[in-house]
């Protein structure tokens with residue numbers, strides 16, 4: 001499972017990550033990708049899609065600020081990325097909050113094949129047409145519910161699914177892993193999930209393996225713990241330290257701090 005040189009390989013390759021971004025968080029996302037050692041491109045005009053994909057190594061589609069224009073860009077870019085075999089990461093932000101968001105996601109699913117879907121438990125449950133009660137996804141143990149959900153979602157959409165939360169779960173439908181890292185301050189920083197999309201896209205562009213997705217998922221949680229130890233209860237300093245650590249964390253530090261288990 002462990003590849004001890006994932007970060008080194010990423011920084012040597014400097015993959016280009018093309019983003020259809022959440023307009024609220026795109027600066028943070030671009031910074032995260034850049035500090036990590038990859039190169040971000042954001043685009044907002046469908047006429048650029050093919051030219052930019054011709055020089056890109058992965059595509060992130062974030063549905064945080066959906067519009068008809070975004071949907072058009074996502075379909076054109078997604079279909080061309082499929083044609084070029086460029087991996088696509090989609091984040092169905094708040095997909096259950098409005099019918100329009102769900103319609104945008106469903107339209108994309110019909111026309112584009114994704115490599116990775118990343119969301120929280122509510123978002124992934126929604127795209128699997130499940131409801132969450134106060135007892136979890138179903139009556140029973142919440143942890144087991146989440147494991148079953150990530151496996152079912154991966155099988156339904158025929159891709160890797162990442163569910164982030166207090167414990168993160170990653171599955172390709174057959175192999176499933178948990179990541180038990182992270183600090184509570186990460187949750188109050190708007191855009192941390194969107195940053196993770198870019199981090200995963202960079203890792204996967206460098207090495208197309210489940211291992212790379214698992215360690216990419218662990219990366220942000222690991223550095224949040226290190227940053228919190230340095231700046232407890234100091235949100236602005238904590239967030240700045242996240243970017244410092246994205247640039248300086250070593251493979252050895254990532255592997256030694258990551259609490260990863262096969263489930």
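Heads up, residue numbers simply count up from 1 along the chain you see.
Using the three backbone atoms N, Cα and C, a Cβ is placed for every residue, glycine included.
Copied over from TrEMBL, here are the features:
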- 42, 191: substrate binding site (BINDING)
- 118, 164: ATP binding site (BINDING)
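Shown here: features listed in TrEMBL, placed on the structure.
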residue : record                 : DSSP (3 states)
42      : substrate binding site : strand
118     : ATP binding site       : strand
164     : ATP binding site       : strand
191     : substrate binding site : coil
Neighbour count (Cβ, 10 Å) for residue 164 (ATP binding site) = 23
Ask   = Can you count the other CB atoms that lie within 10 A of the CB of residue 42 (substrate binding site)?
value = 17
Message = Between residue 164 (ATP binding site) and residue 191 (substrate binding site), how many Å separate their Cα atoms?
response = 13
Ask   = At the Cα level, what's the spacing in Å between residue 42 (substrate binding site) and residue 118 (ATP binding site), rounded?
value = 19
Key: Euclidean distance between Cα atoms of residue 118 (ATP binding site) and residue 191 (substrate binding site), Å   = 14
Query = Which residue, out of the binding-site residues 118, 191, shows the minimum number of other Cβ atoms inside 10 Å of its Cβ in this structure?
reply = 191
